[in-house]
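Student: Dumping the structure here so I can ask a few things about it.
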C-alpha cells in the first residue's frame, strides 16, 4: 500500500468535520477508513480471495470496534473515569449553590464599585472558577451583568470578557477536564514522551494565543479602552437588553439558591491539593487526577449530606445527572483515543513527519499546526475535537525535528481556542453570549478583531520560537 494513503483518514476526518460540522461523525469516518486501509493492506500481502475483498468494509467495522475496546487500557480508562466523576462533582457544587455563594461572597467584600472594578471582578471570577468553562462563564456572567448594567457598559464587552477569559484560562490552569483530556491524548508510548505531565505543563509557556488574549482582556478591563466593532457597540449603547434576572431564568439558574461558599471551595481545595500530592508521589497524571477527584467527590457527598444540603439519594441522583451531562465528552474522548491508535498503527505520523521534513522548514511547523487548529475549531465549533484529530499528527513531528513536544502541543491547543473564539457555532461562544445576555452574532462580530490580533501575534511568536529553539 502506498505510504501516502496513511494521511487520507485524518484528512477525511477533517473534511467531514468541516462539511457536516459533526466531530463524532468525522472521527468515526476517519477510524473506519483507517481500519479499512489496514485490512486492505493485510489482504494484499497474503493474496486474498475475492470474497475477502468484498467483506473488507465489514471487517473494518469489526476491527474498529475491537480497536475501541483496546483503548480501555490503564491510562485511558483513568482519564475517562475522571471526566465522569468530575461531572458529578461539578453538578453537586452547582446545585448546592456553592458557586452562587462564592460569587455573592466576592460582592459582599465591596468589589465592583467602579466600572474598572466591575470588569476586574468579572475577569477574576472567570479565572477563579477555572475548573469548567461553561460554569466559569455562567458564574462570571452572574457577577458581571448587574455591575455592567449599573455602569452602562455594553453586554458585548461583558461577553468578550467572559469568552476570552474562561476558555483560555482552562488551558493555562490545567487542573480540570481540559488537562485530563489532553494528558490522555499525549500519554502514548509511540510519541516518545518521557513525561507527559512535564510536556503538558511546559505547553503553558508556549501557549501564546491564550496568554495574548488574556492580556487583551486585562488591558480592556483596566484601561477601559476598546476598539473596532466593540467600541461602536459601546458608543451605540442606548437600548438596554434583557435584565440579569431574565437571563438567569433562561439559563436555569433562578431555581438555585445562594449556598455556602465552602460547598465550592472545599471540593476544589481537596482536588487541587491531592492532585499535586499524588503527582509528586506517583509521577502519573492520569492516576493523580482520578484519585484526587474520587476522594474529593466522596468527601463532598458525605459533607453535604451531613450538612443538610442534600439527602443521600438526592446527592447520588445529582452525581449521576452530572456524569450524564459529560457522556458526550466521554464518547468524544473514546473516539479520539481510537483514531489516534488507528492512525499510529497505519503509520500516519511517521509519513507526515518524513514528508514535512523534506518539504517544509522546521520553524514553519508550529505556525501551521496553529493555523490548522484554528481552521478546524472555527468550522466545527469544538476545540476538543480539534485536539483529538491534530495531536496524533503533531506529536510525532517533535521527535523527528528535535523540537519540544510542548511547543507543538501548545500550538494545537492555542489554535483550537482561537478558532473557538471566532466561531458562531462554538458552544463556549454560545454560552458566553447567553451568560452576558448578548446577541450571539453581535458577540462574535465584536470579539473577532481581538481574537485576530492575538492570533496574529501568536503566529509571529511561534515562528520566532521555532527559530530560537532550532538555533539552540
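Here the Cβ of each residue, glycine as well, is placed from N, Cα and C on the backbone.
Feature annotation from TrEMBL assigns domain 'Na+/H+ antiporter NhaC-like C-terminal' to 178-466. Feature annotation from TrEMBL assigns transmembrane segment to 119-148, 160-179, 199-222, 263-282, 288-306, 318-340, 352-375, 387-413, 450-469.
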Student: Restricting to the domain 'Na+/H+ antiporter NhaC-like C-terminal' (178-466), what is the model's mean pLDDT?
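Tutor: Average per-residue pLDDT within the domain 'Na+/H+ antiporter NhaC-like C-terminal' (178-466): 82.
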Student: Can you say which of 160-179, 199-222, 318-340, 387-413 has the most Cβ pairs under 8 Å with the transmembrane segment (119-148)?
Tutor: 160-179
Student: Quick one: do the transmembrane segment (199-222) and the transmembrane segment (387-413) have at least 3 Cβ pairs under 8 Å, skipping pairs fewer than 6 apart in sequence?
Tutor: yes
Student: Between the transmembrane segment (263-282) and the stretches 160-179, 387-413, 450-469, work out which stretch tops the count of Cβ pairs under 8 Å.
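Tutor: Answer is 160-179, with the largest number of Cβ pairs below 8 Å.
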